Amino acid sequence: MPEAAAPAAIARPDGWQILKRNRAALIALGFLACLSLIAIVVPLLLPEALKLTSSNSFVPPSSAHLLGTDVNGQDMLYRLLSGARVSLGVGLVGALISLGIGTLYGMISGYAGGRVDGVMMRTIEVLQSVPRILFIMILIAALDEYVKEWVDGWRLSAEAHGWGWTAKVMTDLKAYSKVLVMVVSLGLVEWLTMARIVRGQVLVLREMTFVTASRAMGQSAWGVLWRHLLPNLSTIILTYLTLTIPAVILDESLLSFLGLGIEDPAASWGSLLKDGAQVINPIESKWWLLVFPALLMSASLLALNFLGDGLRDAFDPKSRE
């Protein structure tokens, strides 16, 4: 056992050292951290006047409005940072949901093996044959009214019990119910790739000495999965989490651009791109409505991919061979 445990103890520091030498990944991590902090803090510090609609629509970038204003006269800097908060939040939460489902599914499939593994993998193949955007649209249509009714039910219950603060939260949440539906729908679609990756790793890990020794000592299947396999999957899961986030953001942006995603008063990069594309014309170009969201979204997706590639190079054994 000591000989088998030694390589595992060396692998993690080696991976972190490789990551620290990857300048592109570190710059990407710094950019994403700064963007997240700015998206959370700056909208809270901006004057209330910039957050409200006004008659000053389509004002070009100026000292009063650094990034101009939109069709409703709202400051584009505020809208852009609010969109960053929603898009990054949807990407992160949707990826976490897919991570949870995919990790559990892949661990069970890989560890069970045999006929169970075959059935579970065929199920994934069937689901992957359905166009992803169509799958998401079906889920949104199925969940939208259900979520609104659920929020309404909680609001009415809170009002009946005199819970004013809870009722107010539920009222505000209803306006953003589409965001909740979008997050859940994207998470329920993006887990398929994660499940295949985790299953492949488990097929290798389950034959290792520490796993066979645990089984020989009477450890239950769930005990082996949670105490031994999951910790050894953590770096792979983290790596592919960072690669799933941009996929979720892209899907959300596409749906919002098509008018099927985030709706007012919420904003996302996709909905901002849709609004900008609707008013672009060769006679009077309102370029700032399209350029700024596109630039920030592209930079964020590029940073996420650089970070994901850096983590994969550092921690995925296959990519380092």
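Each residue, glycine too, has its Cβ placed from N, Cα and C.
These come from TrEMBL:
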- 24-46: transmembrane segment (TRANSMEM)
- 84-308: domain 'ABC transmembrane type-1' (DOMAIN)
- 86-108: transmembrane segment (TRANSMEM)
- 129-147: transmembrane segment (TRANSMEM)
- 179-198: transmembrane segment (TRANSMEM)
- 229-250: transmembrane segment (TRANSMEM)
- 287-308: transmembrane segment (TRANSMEM)
Sequence gap of 6 or more, Cβ distance under 8 Å, 3 or more pairs: do the transmembrane segment (287-308) and the transmembrane segment (129-147) meet that? no
Counting Cβ pairs under 8 Å that are 6 or more apart in sequence, does the total for the transmembrane segment (129-147) and the transmembrane segment (179-198) reach three or more? yes
